[in-house]
Amino acid sequence: MKTTKKIAVITGANRGLGKGIAEELSNTNNITVIGTSTSQKGCKIINKYLKNNGIGIKLDITNPNEITKTMDFVYKNFGRVDILINNAGIIRDKLLINMKTQDWNSVLNVNLNSIFYMSKSVIRNMIKNKQGKIITIGSVIAHIGNCGQTNYSAAKLGLVGFHKSLALELAPKGITVNMIAPGLIKTGMTNNLSQKQLSKYLSKIPMKRLGTIKEISKITLFLISNDANYITGQVIHVNGGMYMP
């Protein structure tokens, strides 16, 4: 199964942004995509759209031992990992006064700790090959805050410091480390918003529209290309002007 194509691991590839990014990469025909999901149902979805351009693998990204076993399988069957895209994430929204410890811990574990586990699982191989791309999907919420999302914003902003430090560690090895921070993107979740809710969100976006999954996947494609070899330690904001650093 080893191939001359680049090997990309994408977490949470069964729906939303992860699915869109995985499809974009697989359509280049020079990237084999390994998409992860927490369920067998999700893996079937991944296998269906990837066809011969990759596979879906069931993986709990909060379990270091499971990650080790999965990555051993990847290295044995594909030889290496050239690209890691940390996309999977969850929300457990509540005002802090009502937030349970479990709500806090679960979001920090999936949205922050798992990125440590996944990144650590690939960097030794990338260092050996003297090249690699690590990209993590962040959020505009990390930079502007949002009521009911202290856990989510803390995790996503924590990733910024993590990636800047990791970028410094890996830059001499030829490995780039970057983040994409989307604003409000049109997904299944936003399709369920009422017109009143949608209008409220759009009032905060100067471009007066939602972003698209395609726009995020195209930026991801650029960041993993050789055209972005001199870009590292950056957060690329894609939010229609909602936040301007």
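The backbone N, Cα and C atoms fix where each Cβ goes, glycine too.
DSSP assigns TYR152 (active site, proton acceptor) to a helix. The Cβ of TYR152 (active site, proton acceptor) lies under 8 Å from the Cβ of ILE91, ARG92, ASP93, VAL107, ASN111, SER139, ILE141, ASN146, each on the same chain and at least six residues away in sequence. Positions annotated as active site, proton acceptor by Swiss-Prot, on the basis of sequence analysis: TYR152.
What Swiss-Prot lists as NADP(+) binding site is GLY12, ALA13, ASN14, ARG15, THR38, ASP60, ILE61, ASN87, TYR152, SER153, ALA154, ALA155, LYS156, ILE185. Long-range Cβ contacts of LYS156 (NADP(+) binding site) within its own chain (separation 6+, distance under 8 Å): ASN111, GLY138, SER139, ILE141, ALA142, ALA181.
The Ca(2+) 1 binding site feature in Swiss-Prot is assigned to LYS51, GLY54. Listed in sequence order, there are no same-chain residues at least 6 apart in sequence whose CB falls under 8 Å from the CB of LYS51 (Ca(2+) 1 binding site). The secondary structure of LYS51 (Ca(2+) 1 binding site), as reduced to three states from DSSP, is helical.
DSSP assigns SER139 (substrate binding site) to coil in the three-state reduction, outside any helix or strand. Residues or ranges marked as substrate binding site by Swiss-Prot on the basis of similarity to another entry: SER139.
Using a 10 Å radius centred on the Cβ of ASN146 (Ca(2+) 2 binding site) and all shown protein chains, the other Cβ atoms total 13. Residues annotated as Ca(2+) 2 binding site in Swiss-Prot: ASN146.
VAL235 (Ca(2+) 3 binding site) falls within a strand segment according to DSSP. Per Swiss-Prot, Ca(2+) 3 binding site is recorded for GLN234, VAL235.
Between the alpha carbons (Cα) of GLY54 (Ca(2+) 1 binding site) and ASN14 (NADP(+) binding site) lies a span of roughly 13 Å. Rounded to the nearest whole angstrom, the C-alpha distance between GLY12 (NADP(+) binding site) and VAL235 (Ca(2+) 3 binding site) is 20. Across the structure, VAL235 (Ca(2+) 3 binding site) and ALA154 (NADP(+) binding site) place their CA atoms 16 angstrom apart.
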